[in-house]
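Q: Sharing a structure here in structure tokens format.
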Amino acid sequence: MTPVLAVKDLSVTFRTEDGPLSAVDHVSFEVGDGEVLAVVGESGCGKSVTAMSIAGLLPRSATVDGSVELDGTELIGADKRTLRSIRGREVAYIFQEPMTSLNPVFTVGHQISEVLRTHIGLNRQDARTRAIELLKLVGISSAERRIGDYPHQLSGGMRQRVMIAMAVACDPKVLIADEPTTALDVTIQAGILDVLRGLRERLGTSIVLITHDLGVVADLADRVAVMYAGRVVETAEVHDLFANPQHPYTTGLLGASPAAGRHAESQRLNEIPGLVPVLTEQPDACTFADRCPRAVDTCTTSQPQLTPGPHRVACWNPVREPVEV
Amino acid sequence: MAVVEALVPPRSNSRRVVRRVLRNPLAITGLAVLAIAVVLAVFANWLAPHDPTQTQLGNAFAPPGTAGHLLGTDDLGRDVLSRIMFGLRASLHVGILAVAFSLVIGVPLGLIAGYFRAIDALISRLTDLVLAFPFLILAVGLAAIRGASLGNAAIAIGIAQIPGMIRIVRSETLRLKSLDFVSAAIVEGAGDAWILGRHILPNAGSALIVQATVGIPAAILGEAVLSFLGLGIQPPAPSLGTMLSDAQQFASRAPWAAVMPGVAIMLLTLAFNIVGDSLRDALDPKASRR
């Protein structure tokens, strides 16, 4: 399977007043056609920065190294013209906060139509018809009426649906969903996940799903990449990862999750002590060692590399025994 | 479901704003005053009972209510009401011209300063420079170079208003450009000009309208100051400001000649401020009353 999106050795460093800050360190992953890859981790793990570097949304203070290939076209270091033609048509982005992701002074129909008219060259009438179809596709009832609404007249879940409709308007190859359900309540979340699943099935869109919600991962993803402090520490098929987590951080995340955790019956969820470190440079060590219950001497002296194979893990002392489901 | 749909607010944003303004009695009063002022100013040629520059020395200092002179006459026997009508024309002219001038220059500069960080410092320091420069010296200098006239007074006032305009637009741009819909537009492949024109400027519109409605009365008062100093409109043509300054030396003998244009300035300024205020409230989408 040729990957639609191939990220190789992606590193992102921010220039700050306190010196450089390493946000992403040699991250590599691939997303196949119609595949849903979930990138999970705590806040501050570099998930969003990874996503933003794919979409070209990073501020100028960021230095990006490595390679992001979309359908064979290199995006890192590409000239503005190439980037502009790729964005919008090939990559679409869904933001976390539906309240601010639509322009408040135009109707939603206008905003969707505008994307269609500029990128596909539809005329006004066709764009309107297509916009209604798209709104129906994302599950908005009475789309003919809703098309004339302003964003402030819609609920958060509806706005997120409109955002998705806009994102898929040009039939993008890759949809980056950056915590698409975090700002929504649970019942609305399920609806949005249904919409994303439907898109993948009907349009064959590949989705990079950024989330810290393992319930969402289990629901939607094919494959999971667990990030910690800017590095991918474990990547596997979703069932394999849930059944057989090998990195202590992954087991920690699973243990801290009420929906997917294995401690649902116990009184208290298991938290991972400590916080994600803020790194000025990436050390030659495991960045999780400080918080890791399984840390051994090697962990602080040498950086573990991802093991080869379908289930890859970067750990000196991985969890080997399968967890009872 | 039918009930829910009946509660859906009207579709059009502008119609919603108009409805909100019309529901506010204070705003309607302000609008009415403005409408009357505009009608009086525009049709002064036909509406004014007398020629505003026609002197009638035998009838000087006629008090208000004198036959043919509803608001009395001034020291040269000119009809105060007619002069107020023509004065309104000059004042509105200056107010609108000055604000238009500051909009045309201030809005693009504000957008650029807020959007492109590299140029921000340069524009912002220039703004500080203009702000630090005394307005009257600027006006005197402009009058010395280009001659004292109503248009030059408007330009001087407009220049003085540019920094405020730049700062308003810049801060709005800074706020708006960090919002997700601008990021979404970037992902869509939109260029800088498109983002500024389609996403940032329309959203800064309400702040601009408010700034403009505050700027017009400020310019009217500025014109009064400049005309008072002889830097604005040239006699015998009236403006509300020159009427005030001419009448002050006879203020004890003919107070109406000073009070009437003063009241006109006050009403006009108040009306603009009220309308600006209610527009700001009506344009705020977060306002609780729909």
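Quick reminder: no glycine exception, Cβ is built from N, Cα and C everywhere.
Curation does not apply to TrEMBL; its annotations are automatic.
As the structure is a computational prediction, the values presented were derived from the model and not from experiment.
OK, TrEMBL features for this one:
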type	residues	note
TRANSMEM	B:25-48	transmembrane segment
DOMAIN	B:88-276	domain 'ABC transmembrane type-1'
TRANSMEM	B:90-114	transmembrane segment
TRANSMEM	B:126-145	transmembrane segment
TRANSMEM	B:151-169	transmembrane segment
TRANSMEM	B:207-233	transmembrane segment
TRANSMEM	B:254-275	transmembrane segment
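Help me see these features in their spatial surroundings.
A: Within the chain carrying the transmembrane segment (B:90-114), a Cβ under 8 angstroms from the stretch's Cβ atoms is held by residues 37-38, 41, 120, 123-124, 127, 150-151, 153-155, 157-159, 161-174, 177, 196, 200-201, 208, 212, 215-217, 219-220, 222-224, 232-233, 237-241, 265, 268, 272, all 6 or more beyond its ends.
Distant neighbours of the transmembrane segment (B:151-169): 93-94, 97-103, 105-107, 109-111, 113-114, 123-124, 127-128, 130-131, 135, 138-139, 142-143, 204, 207-208, 211, 215, 218-219, 222-223, 226-227, 231-233; these residues of the same chain sit at least 6 beyond its ends, with a Cβ under 8 Å from one of its Cβ atoms.
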Q: Would the transmembrane segment (B:207-233) count as touching the transmembrane segment (B:25-48), i.e. at least 3 C-beta pairs under 8 angstroms with sequence separation of 6+?
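A: By the criterion, they do not touch.
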Q: Using a Cβ-Cβ cut-off of under 8 Å, list the residues of the same chain that are 6+ residues beyond the ends of the transmembrane segment (B:254-275) and lie near it.
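A: Cβ under 8 Å, 6 or more out: 26-27, 29-31, 33-34, 37, 61, 63-64, 71-75, 80-81, 83-84, 87-88, 91-92, 95, 213-214, 216-217, 220-221, 224, 240-241, 243-244, 246-248.
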